[in-house]
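Visitor: Under the heading transmembrane segment, TrEMBL lists 20-39, 59-79, 91-112, 118-139, 207-224, 244-262, 274-293, 350-373.
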Amino acid sequence: MKLDKHRTPRTVEREFGGTLGATCIPVFLPLTVLYLLSVCRSPGASLLQWPPPLPHTSQLWDPLVPYLLLGWVAEGMVLRDGTRLKYPINGFHSFCVNAVLLGLGLWLGMPLGYLFELLLPLAVCTVGMSFLLSLYLYLRSFWAPSHALSLGGNTGNPLYDFFMGRELNPRIGSFDLKYFCELRPGLMGWVVINLAMLMKEVELRGSPSLAMLLVNGFQLLYVMDALWNEEAVLTTMDIVHDGFGFMLAFGDLAWVPFTYSLQANFLVVHPQSLSGLGATAIIALNGVGYYIFRQSNSQKNQFRRDPTHPSVAGLETIATATGKRLLVSGWWGLVRHPNYLGDLLMATAWSLPCGVSHLLPYFYVIYFTVLLIHREARDERQCRGKYGLAWDTYCRRVPYRIIPYIY
């Protein structure tokens, strides 16, 4: 494919702080990951301690790590050129195969708990891989046809485009790089790290704590749900709108497995006792959050696939100029993003087993709240531009964005 020298960059509203944000975020986010991992195993586990607990350089690398890092069909949404890409939907099957292999390894005596000692070098190596992948994605995008570029990542500013991603769906043959990274390595790596923390706790104390079991169980359920309902990711903002650059590559490969597993990592060094009543309340909170999350997402996905299906046919809708209709009843008549509400309830339940004496285990809740508010604002701008007056009508009918009567 020849390089198209006549394509002109698009003038778009720049997100994430524009060029300044695109320059600073790739520096500060990797440092944040390493900082959080270091704080997790420090005696005080304080997010605000100064000076921070800096690891020795010898702790940042292990020659075993690169070897550890070196281990599917549905239709996507219609692209700008009118085509649809094919996607293999077998993430759950891949997860099951990996689970069997991991179980076999544990049965044969694999020291999975040793990953606790390798977390920092693993994070360093994964960050390096994220940068290399992002550089490859940026360079190859100049040989992609114009219709394959992301509308928000083709501004002509190298730093911003490197961060946002120029190409929407980069593929090597039929292998879709963004789709693969979106669910598989990060989510499965998250589960493996959690299990490794549980095994480390068994090594240290003879058995896993109730708090550790809850964290592992809740987050395993979340990952399995994502992989079981894998097809739903094809309609998300990440797949449909965002290019594949550093933002998604780093988020998928490094940020998710190493920051989402902070609760399990924290419990290894800072064990917590949990009463039966407390555990029951936390399980109930996670159950309510999961129910809202799953039911609202299922309702949305069913409506998108078949608006005449009996489960959604009776719901009230608003017509738009695009021919699509907006749900204004059911879960989506409660708030504009009921799935975000469920997500936040689950995030809180994941942190509560770690007690309330440290802020560190609640980093995920704080970060995720900021992320969802920012994502909701991005979605709001896109929907207003796409649906116009119909979206204004929808907002009047459903005034609350995420939390009923609050926000």
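Yeah, the Cβs are placed from backbone N, Cα and C, and that goes for glycine too.
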Visitor: Most CB pairs under 8 Å with the transmembrane segment (274-293): which of 20-39, 91-112, 118-139, 207-224, 350-373?
Guide: 207-224
Visitor: Residue list, the transmembrane segment (350-373) vs rest of chain: Cβ under 8 Å, 6 or more residues beyond ends.
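Guide: For the transmembrane segment (350-373), the sequence-distant neighbours (Cβ-Cβ under 8 Å, at least 6 residues beyond its ends) are 36, 39-40, 45-48, 210-212, 214-215, 218-219, 259-260, 262-263, 266-267, 270, 272, 274, 278-279, 282, 285-286, 337, 340, 343-344, 402, 407.
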Visitor: Which one of these stretches, 20-39, 207-224, 244-262, has the most C-beta pairs shorter than 8 Å to the transmembrane segment (91-112)?
Guide: 207-224
